[in-house]
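J.: Below, the features straight out of TrEMBL:
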- 104, 109, 114: oxalate binding site (BINDING)
- 107, 109, 114, 155: Mn(2+) binding site (BINDING)
- 30-45: disulfide bond (DISULFID)
- 59-209: domain 'Cupin type-1' (DOMAIN)
- 1-20: signal peptide (SIGNAL)
Ligand code: GLV
Ligand code: MN
């Protein structure tokens with residue numbers, strides 16, 4: 001009986017903690033073999049003796065991202081996809097560029113908390129807590145300021161200046177994922193039926209059809 005109770009205690013108390021973050025690596029590195037055929041929770045490792053400095057390097061965010069799009073922002077991610085050396089390390093990053101008044105629209109990361117730092121400009125940041133409170137927490141950030149978007153909560157940033165803005169984020173997963181709310185709800189393939197969305201958003205079918213056309 002005591003052993004059963006011990007086991008229950010382990011499952012209830014220890015297990016959820018162990019699952020709250022990506023597991024600690026059991027080796028110095030596990031450079032992703034992005035062409036590998038083995039499907040694991042992550043990406044299989046390259047043979048360590050074949051690993052090169054370039055496996056730990058990514059030069060792709062030196063330049064400003066292209067912000068010529070309807071929202072006026074560009075998120076350039078550096079995840080295990082771009083930087084194979086990140087595999088199993090539980091971290092990723094992003095460069096975010098904004099046109100004047102550009103918006104990084106409401107989205108969430110299914111696997112990561114995000115630590116956001118403003119490098120240039122003035123940015124309004126916000127996130128919404130879960131149901132039933134749905135409390136909106138927002139702050140205007142200046143150059144050098146840091147803000148955290150807790151894991152899985154819907155958040156956004158908007159440049160509230162007449163000049164370009166730039167920020168950098170670190171994310172607590174090698175593969176944080178992004179779910180952009182508008183794209184997921186109005187741009188799914190195939191479409192979620194107009195009737196469902198009209199009822200959910202308490203509006204008419206025409207309004208929903210119009211929004212769906214934009215995605
Ligand atoms: C990227 O996901 C960001 O919110 O900056
Ligand atoms: Mn984000």
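Positions of Cβ are set from backbone N, Cα and C atoms, glycine also.
No curator has checked TrEMBL annotations; they are predicted automatically.
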J.: Filtering 30, 45, 104, 114 (recorded positions) by proximity to ligand 2: which pass a Cβ cutoff of under 6 Å to any of its atoms?
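T.: The qualifying recorded positions are 114.
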J.: Write down the Cα-Cα distance for residue 114 (oxalate binding site) and residue 107 (Mn(2+) binding site), rounded and given in Å.
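T.: Counting only the Cα atoms, the answer is 12 Å.
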J.: Spatially, which candidate from the recorded positions 30, 45, 155 is nearest to residue 109 (oxalate binding site), comparing Cα atoms?
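T.: Nearest listed residue in space: 155.
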J.: Any same-chain residues 6+ apart from residue 114 (oxalate binding site) with CB under 8 Å of its CB? Would you list them in sequence order, or say none?
T.: 148, 149, 155, 169, 170, 171, 172, 176
J.: Below 8 Å Cβ to Cβ and six or more residues apart, same chain only. Which residues does that give for residue 45 (disulfide bond)?
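T.: The list for residue 45 (disulfide bond) reads 27, 29, 30, 31, 32, 33, 87, 88, given in order along the sequence.
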J.: Cβ within 8 angstroms of the Cβ centroid of 104, 109, 114: which residues besides those meet this for the oxalate site?
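T.: Here the non-site neighbours turn out to be 75, 94, 107, 108, 112, 116, 149, 155, 169, 171, 176, 178.
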J.: Around residue 155 (Mn(2+) binding site), how many other C-beta atoms are within 10 angstroms of its C-beta?
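T.: I count 23 other Cβ atoms within 10 Å of it.
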